[in-house]
Amino acid sequence: MRIKAQVAMVMHLDKCIGCHTCSVTCKNTWTNRPGTEYMWFNNVETRPGPGYPKRWEDTDRYKGGWELNNGKLKLRAGGPISKLANIFYNPNMAEMEDFYEPWTYDYDHLIHSPKSDHLPVARPKSQVTGKYMDKPEWGSNWDDDLAGGSEIVPLDPNVEKMQEHIKMEYEKTFMMYLPRICEHCLNPSCVASCPSGALYKRDEDGIVLVDHDACRGWRFCQNGCPYHKVYYNWNTHKAEKCNFCYPRTEAGLPTICSETCVGRIRYIGVVLYDADKVKEAASVEDPQDLYEAQLSCFLDPFDPKVQSEAREAGINDAWLEAAKESPVYKMAMKWKIALPLHPEYRTMPMVWYVPPLSPIMNHITNEDELNTDGYIPAVDQMRIPVEYLASILAADDKEVVRKVLLKLSAMRVYMRGKTVGGVDEFKQSELVKQANTSPEEIEEMARLLGIAKYDERYVIPTGRREMDDDLHYKQGTCSLEDLAPQEGLHPTFGYMKAREKNYESG
Amino acid sequence: MTGIFWWVIFPYITVTIMILGLLYRYAFRQLTWAAPSTEFLEKKWLRFGSPLFHWGIIFAFIGHVMGMVIPIEFYHALGISDHAYHFGAIYGGGLVGLMVVAGVVILLIRKITIDPVRIKATFSDFFAVLAVLFVAATGTYMTIIYNTTVVEYEYRLTIGPWFRSLFMFQPRYDLMENVPMIFKIHVIAAFALFASIPFTKLVHIFSIPIKYPTRPPQQYRSRSNYKRQGL
Ligand code: HEM
Ligand code: SF4
Ligand code: SF4
C-alpha cells in the first residue's frame with residue numbers, strides 16, 4: 001500500500017445556474033496574459049452541445065486518454081516511440097479553429113472617433129493578429145443555453161451515439177450546465193504524454209502541474225488530455241493548465257472558481273488513495289467497471305490501519321482529520337451520489353459530478369396524489385434522458401445513473417414530506433429500499449447539498465510544507481538562492497535528482 | 001592571415017559563443033527554452049513543411065558525420081571506392097538536401113503568408129529560418145550542382161581532416177586554402193549559424209527527449225522534498 005492524499009472536487013449540477021462567474025474569476029486570476037486569451041481553465045458548457053473546444057469528447061479525432069490494448073494500458077495517441085516520430089507535426093492536435101480566435105473590441109474608437117453622422121461602433125479585433133475581424137463566428141460559449149439549437153446540438157458526440165431521438169421542440173427539449181476544470185486525475189494521461197517529463201502529479205495533494213522550466217513545447221499534452229484541459233500558449237510556446245489554485249488551497253482556501261460560485265455547487269475535500277492500485281484499476285477490461293474500480297482505490301479515513309499507514313507515509317493529523325470531514329469522501333465514496341466524468345477515458349478523474357434531477361416528462365396530473373413509489377418509474381421519464389447522463393458520467397451504464405437519481409429523488413420526497421407534509425408512508429416505502437438509503441443518511445445529505453455551509457463545503461487542510469521544510473536551511477537565505485543555491489550551481493540539476501527519486505512506475 | 005582568421009579563430013569563437021550562450025540560457029532563461037511550435041495557429045502547411053525539413057536535417061546530420069567525421073581511410077579499408085562514395089553522397093545527399101530546402105521553403109512561405117504565424121514571429125524566428133535556408137541551400141547546391149557540373153570535389157581530404165583537427169586543438173588551416181569558394185561559404189555560414197543558436201528558438205535542438213521511452217509514464221514530485229533530496 002502506498003497511501004497518498006488528493007485534494008478533489010465535487011460539483012452538484014442541480015445547483016449550477018450557468019452564470020459563468022467561475023470562468024470569469026478564474027480567467028481574471030490565471031489567464032489574462034497574451035497567449036492565454038483562449039484558455040479557460042474553468043469553462044461552463046451547455047449540454048447537449050459540442051462543448052469547448054468543439055467536440056472535445058471526440059476521442060477518435062483528438063486521441064486523448066488511455067485505451068486497453070491486449071489488456072495493457074496504452075496512450076490512445078500512441079506511446080513514446082510513435083510520439084517521438086510525430087514530434088515535428090502532431091496530427092491529433094487541435095488548432096485555433098477548434099477553440100476560437102480570441103478577440104477584443106476597439107473601444108478606443110468610441111472615445112476618439114471624429115464627429116460623424118452615425119454612432120461610432122467598437123469593431124471586433126483579433127487578439128492574435130491585432131487585425132479587425134469581419135465578425136466573430138465562434139467562441140467558448142457560442143452555444144450557451146442551446147443557442148444555435150438544432151444546428152449545433154447534433155455536434156455533441158454524446159448525442160451522436162444516442163439511440164433515443166433528442167427532441168429539439170421548445171417544450172420538449174432539455175438542457176443542463178456542465179462546469180469543467182482539469183480533473184487532476186489519478187492516472188493522468190497528460191503526464192504520461194509529456195516527452196520532457198514537465199507535467200507531474202504532486203505527492204502531497206495530487207494536484208497536476210506543469211513545470212514551465214522543463215516544458216519544451218512538444219505539445220502532446222494538449223490532445224493527450226481527453227478532457228482537453230491542457231492549453232498551448234502560442235506566445236510562450238509552453239503548456240498551461242488549471243492548477244487547482246494551489247496557492248489558495250495550500251493556505252486552506254477553496255479554489256477561486258469555488259469561492260465565487262454563485263450556486264454554491266462546488267465542494268472541496270481530501271481523499272486518501274492507494275497509489276499502488278491505480279494502474280490495475282485503470283486497466284479493468286469493461287469500461288463500465290471503471291467506476292467501481294476507481295472507487296476501490298480510495299481508503300476509509302476512519303480505519304485505524306489506514307490512519308497509521310498514512311502517518312507513516314508522512315500525512316499529518318490535520319490532513320487525516322480533514323479526510324474524515326471531507327465532503328468529497330461523503331458524496332463520492334460513501335453516499336455514491338457523485339460520479340466521475342467520462343470514466344471510460346481511464347484517467348481516473350478526480351472532479352466528481354452529482355447529476356441533475358429534472359422535471360418529469362410525462363405530465364403528472366395531480367402531483368399531490370403521486371405516491372412515494374410513483375417516483376421509481378418517474379426517474380426514467382425525466383426530461384434529461386438517463387441515457388445522456390450515462391454517456392457523460394457512467395460509460396453508458398444507465399443503472400449507475402438511475403441509482404443516483406433515485407437516491408436524490410428519495411431525498412426530495414422525504415424532505416418534502418418533512419417540511420410540507422403529506423408523504424407519511426416514506427419509511428416503509430419501496431423508494432427507500434430501492435434507493436438504498438435511510439432517513440438519517442438523507443438528512444445528512446440534504447444538509448450538505450441544500451444548506452451547504454461554507455465550512456462544510458470546503459474542508460481543506462493547509463499545505464504540508466511547514467512540517468517538511470528544512471527551516472534551518474531556510475534561515476538567512478534570500479531570493480538570490482533561486483539563482484544560485486549554496487549547494488550547487490543550478491536548481492534544475494537538483495530538480496532532476498529529486499524527480500528521479502520520485503519516479504514511480506505507474 | 002585571413003586563413004588563420006576564418007579557419008582557426010572564427011570557428012573557435014563561434015563555437016565558444018554557442019557553448020557559453022547555451023549554458024547561460026539553460027541556467028537562467030529556461031522559461032524561453034522551447035520548440036517554436038506554431039501548429040496551434042496553422043496546420044495544413046506545417047504538416048508537410050516541418051516533417052520534410054526535420055527528417056531531412058536528421059539525415060543531413062548523418063551525412064555530415066559520414067563525410068566530415070569518418071576519415072577517408074575508413075572507406076578505403078572497407079573497399080568502398082571514391083567513385084562509389086560520391087555516387088551515394090550525390091544521390092543520397094542530394095535527395096536529403098532537397099528535402100531540407102523544400103521543407104524550409106514551405107515553412108518560410110508559411111511564415112510570410114499566414115497572418116497569425118507572420119505576426120507572431122519575432123526577428124529571431126525569421127532569422128533562424130533564413131539562416132538555416134542559406135546553409136541548407138549552399139550545401140545542396142554543392143552536392144547536386146557543383147559536384148555534377150564542375151568537379152566531384154573530394155572534401156574528405158581537405159575539409160574533413162581540417163574539421164577533425166579543430167577538435168584536436170591543432171587546426172590545420174592550410175588544408176582549407178584551396179577549397180572551392182562555395183564550400184568555404186557553406187562552412188563559414190554554418191559556424192555563424194552555430195553562434196546564433198543560443199539567441200533563437202533553435203535551442204530546441206538540444207532538447208531531444210531521448211529519455212522519454214525509458215521513463216515511467218506517471219510522475220510524482222514532492223512539493224517540499226525536492227529541495228532537500230535533490231541538493
Ligand atoms: C531532432 C531534434 C529536433 C526536434 C525534436 C525538433 C522539433 C521541432 C518542433 C516540434 C518544431 C515546431 C514545429 C511546429 O509545430 O511549428 C520545430 C521547429 C523548428 N525547428 Fe526543429 N527540431 C529538431 C531539430 C532541429 C534542427 C537540427 C534544426 C535546424 C538546424 C531545427 C530547426 C527548426 C526551425 C528553424 C524551426 C521553426 C520552423 C518555423 O518557424 O516554421 N530543428 N522543431
Ligand atoms: S484532466 Fe487534468 S490531470 Fe487529467 S489528463 Fe487532463 S490535464 Fe491531465
Ligand atoms: S459560478 Fe457556480 S453556478 Fe455559476 S456557472 Fe460556475 S459553477 Fe455554475
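Yeah, the Cβs are placed from backbone N, Cα and C, and that goes for glycine too.
Positions annotated as domain 'NarG-like' by TrEMBL: B:5-223. Marked as transmembrane segment by TrEMBL: B:6-24, B:52-72, B:84-109, B:121-146, B:181-203. For B:His54, B:His64, B:His186, B:His204, the entry in TrEMBL reads heme b binding site.
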Sequence-distant residues near the transmembrane segment (B:6-24) by C-beta distance (under 8 Å, 6 or more away from its ends) are 162, 166, 171, 173, 176, 184, 188, 191-192, 194-195, 197-199, 203, 206
Span of the recorded heme b site, as the biggest CA-CA distance among B:His54, B:His64, B:His186, B:His204 in Å, is 23
Ranked by how many other Cβ atoms lie within 10 Å of their Cβ, the binding-site residues B:His54, B:His64, B:His186, B:His204 are led by B:His186
Those binding-site residues among B:His54, B:His186, B:His204 lining ligand 3, judged by a Cβ under 6 Å from any of its atoms, are none
Listed in sequence order, the binding-site residues from B:His54, B:His64, B:His186 whose CB sits under 6 Å from ligand 1 are B:His54
In the domain 'NarG-like' (B:5-223), averaged pLDDT is 95
